[in-house]
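Here is the structure we will look at.
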Amino acid sequence: MSKEKFERAKPHVNVGTIGHVDHGKTTLTAALTKVSAARFGSAAQDYDQIDGAPEERARGITISTSHVEYESPLRHYAHVDCPGHADYVKNMITGAAQMDGAILVCSAADGPMPQTREHILLSRQVGVPYIIVFLNKADMVDDAELLELVEMEVRELLNEYDFPGDDTPIVVGSALKALEGDTSEIGIPAIEKLVDALDASIPEPKRDIDKPFLMPIEDVFSISGRGTVVTGRVERGVVKVGDELEIVGLRDTAKTTCTGVEMFRKLLDQGQAGDNVGVLLRGTKREEVERGQVLAKPGTITPHTKFESEVYVLSKEEGGRHTPFFKGYRPQFYFRTTDVTGECVLPEGVEMVMPGDNVKMIVQLIHPIAMDEGLRFAIREGGRTVGAGVVAKIIE
């Protein structure tokens, strides 16, 4: 199969299906590709192709994920679907597949179930900004009042986790009927309506290059007669010669100025998101800056030591721990380019955490790290990854 050239004409948005097992996430994913293929000539994928998700490794964790693509009149969507609940948990926590918005699939026949709640909570914790609801299996419900009841329950659940439940678009349909080519209201038109809801309700994501400048520092050199150079890969934004910058994390925040940007030994007037660059700093001594700090636009990021996180603990099979850990556990937390020791505070009533579990915990680091909510990290013991996490809420 030849790969067509990736069309940049339409803006690119990342979405994914979430929801309880057997509520129809994969069937809906297949229906979305089919309906879009009929409208725009993109590729349709059937259920089995999507369900046979290949395993990927993200930060040393094995995750099964299916990636499909489809078009709307306005956009190009990249869509992730996971076969198992554990894959969702890992995917969302590691950020392996970042979502600009999620499609919550809930069976109209069953209403919200435990994983419906858990996926909404996870979406809140890992910073999925928007949720759109597809009430599936509407062909199995002939009672309009029951549909209304399920819709109300889903809205209440969204409100409970600080999503705007009352204003969330809810589309009622049957993914299976749409796949079968049904043109009644709950068939193909429902899928088209869902795509329109994605277009209308998920704002176009801000590109990394448009965000404020940030570069994790990987290395520091001193160049005689020119000053100190820090190197790293620009995470977001743009840095230009003459920009005032801050060095954040591990020690007191320091101010500096960029007097040069170089890439592959060539001087540039700027470095941007994705570039591996060296940034020459004026008035900063070699010993005043170290790996693990970040270089950033002043006032855009601050150092913190205490935060609430959502963590996935690797199973033994994934190369993680063989035994549980308890409160007071003190591993290394690896942020961007460096390890910092921290202590884990487990939630009330949780005595221990088993390999393969996911848990909400508070972490207290011994040194401050430049962070904002949504930052991913690894948990390590002696250089071996034993967990993955995301900063859900900064405490201090």
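Every residue gets a Cβ built from N, Cα and C, even glycine.
The range from 53-56, 65-68, 81-84, 241-244 that Swiss-Prot describes as region 'G3' is residues 81-84. Note: the Cα of ALA138 (GTP binding site) and the Cα of THR26 (Mg(2+) binding site) are spaced 16 Å from each other. Residue density at GLY19 (GTP binding site): 26 other Cβ atoms are found within 10 A of its Cβ, drawing on all protein chains shown. All chains included, 22 other C-beta atoms sit within 10 angstroms of the C-beta of THR26 (Mg(2+) binding site).
Here the candidates are the binding-site residues GLY19, CYS82, HIS85. The one whose C-alpha lies nearest to that of THR26 (Mg(2+) binding site) is CYS82.
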